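Worksheet: the structure to be examined is printed underneath.
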């Protein structure tokens, strides 16, 4: 793949042209090949203009989707052929205002799915004020229309009305993509029927049921729930928009934008998108669409994301929209769980993932492995001792430290001892999910159940244990606190995201018949978890609020204030400390308080930004919309401070290492501690903020202003949050991270010194010293590690030209390179499957994490073999000579189009001399694991030598010469997910790493260096013996 698309898109972003590029460039990792959205002026005939313009360019095209209504006028196109030079293609397009590459969006996946008995409305809806809104205000959502943009809706479900159109709950909708649309086949075939009875999770049907399902009084066979339940706004109307095909694995930004504009035009009051994942900037077409319609009175709610394990600042699009609401997830009050009977009493359990083949109704003969294990707080019960009486019985073991042996290991010992069942009971009240052992059925039993068995045995009795798969409500101990999967903010620009939260942990709702069959559920209902559930729950609350206040026609800011003012800031589980605003926004929504509120305070959230941009004072406007004069008392309280960076470590910590402390809190002062306001009047109060002193790098501090009325109405809360430190000067590239070396680098034999961003001397990741030689035949290691997300990261090759000669520039120009433009390095990914090669360009650049998948994937290990991208965007060998490698990343708050060095985090390598040489022999056994990883990277490379090039004659590689098929940038110019992120700290430095001890040659991970070296030899040969002149 050529680099021209990136270069032209970046160039366009820096030019003052009539048509503006928005969002990601055409070669971004998530960009769909040759797909673009073009915005036109209102009233313009975009189809006709495009047809004429593209015909003049000699290009074939087809329409993906389009919108032409009062909110937007755009056409999304699929180009045929060479489409990389997008800037040139669309330049001069009549009446076009902007264009953007179409980017993909991953399919929705609930965190958990369980078949079970739902809980009553009283339990389910009391914590969020929904029951009070119904019982005291009569609110049911009647007259409000909620659009569900998702996988489609199985509207034949009786709990969703049983049909579509006038007189049904689902009043209409549209299928924007068709059944076959998927990540592998993005052919769009829209139709008028948004039904979904083919996706395996039935995500959209579950979402619709949370908003407006009504499972009471159902008489249809196969649909009668074990316990009746209702959605939040069960009399609201639903509009269904299908943006996923049956595989439900991918959609695209243009499709989502079209759905948003269509929903608004069709009259949706509330629009829900349980889609997305971050970290992202709010400049994609779907995010802009959410802002446009949101500020026009069609309020958009979107899930914040399920990346809580990755640490701070991972809220995604479209929830990051400046005109939409980002919704966090709070754990539900109860959830259905299975139970078994011990002496006829029910006790909860969970089955092992590797083998849960217990038989309904079977009686287990229990043997307690160590009857004193709980009394003595034994942490390794069964890891070192197995009761010989276990043979042929169900062995009961006490859970403990996993470092002393996890469930697979301990149940494996039980299997070896002849046990037929393995039961681990809790050492705490937590119900732990276990893998168990594939060799025998395994179970995690509640602590209460385990102690009941032990008590019977201690008393000299023989307990009875009967397995059942029946379920009953389980009171969740973490109810009303932030779900551990919920993506925290702040936004990448330090705005307050998420805005607020709803119930998303274990929510029971409707699914399709197909999904129930696929998941082996007896009925088309299930409990799912995710911010995908919290968003429709909050959309339902918004519908209740609008039912109460629709005649007021609240603006976006007013609606936001009603929701945020009356939300409940919640504590961290098992503490009295309020959780950070970065995690919960304004808190858990309360439908009754929002609908009944007679006081409105704006702004409803305060972003204090960082030290450089500190907002030291804010004027609050308090509106008394009630029928009596009121006096308001003002105070504040702090939330916990989030410490996401450790001293001496610039990598962003994840959920396991981020700390929350009650220090580093802001000082808040009011111009008046109380204020009296007449009915129907308003008053202003100035609030002064003093930021705390930082005890850790870049702490996020936050808290809440509290405005309490004299009529004892619910107190109003206004969240605030900020960061201590110069956020712009915070490094993007990581330079020092002991934690990354330990938790990620160690698997590759890397140490703290060589996980730092920079160019290394070789594939052993030895330090590169000033003036050192890099042999392109062998290759050199490159690390590009991002601690923070950036609008762009770039790795360039800079020729070092002596003052006395211009020979280096002449050599480069002769080799086909443009020395007046950036020359981007070509890098080979030594970790990802297939070892793709790609340009050192990451736009945008998501930050890395220690483990897991995208978003915020781990780093990768790159190799540089003396190849860069020439003036035509093709990979070509660099002439031998002296160079530097430059790493630059757009700083926080800076523009990607800036030309100022101060707006970039820059690392410059030492000067090195690039040469070619003889292909070396197979690597010695002293090779490091990191260099070994490179082995398999390119070992299968083909060897093809370009004609007409010879080192002997001194000729240079022809323009456009490429590396072997299967390992060239031509086959993969876009980094893999794990390689497309990178970011961290500041101050340009030379990155170098000392020699370190290599692992023993016997380790399996050491087997790949030989292949890597031979692969680079193949690359060298393929690019010609003439490629390097020395």
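Placement of Cβ uses the backbone N, Cα and C atoms for every residue, glycine included.
TrEMBL labels come from automatic prediction, so no person has curated them.
Between the listed ranges 936-956, 957-977, 978-998, TrEMBL ties the annotation region 'Disordered' to 936-956. The two recorded residues residue 532 (active site, charge relay system) and residue 203 (active site, charge relay system) have their Cα atoms spaced 9 Å from each other. Around the Cβ of residue 203 (active site, charge relay system), a 10 Å sphere holds 30 further Cβ atoms from the protein chains shown. Broken down with DSSP, the domain 'C5a peptidase/Subtilisin-like protease SBT2-like Fn3-like' (606-720) shows 0 helix, 61 strand, 54 coil.
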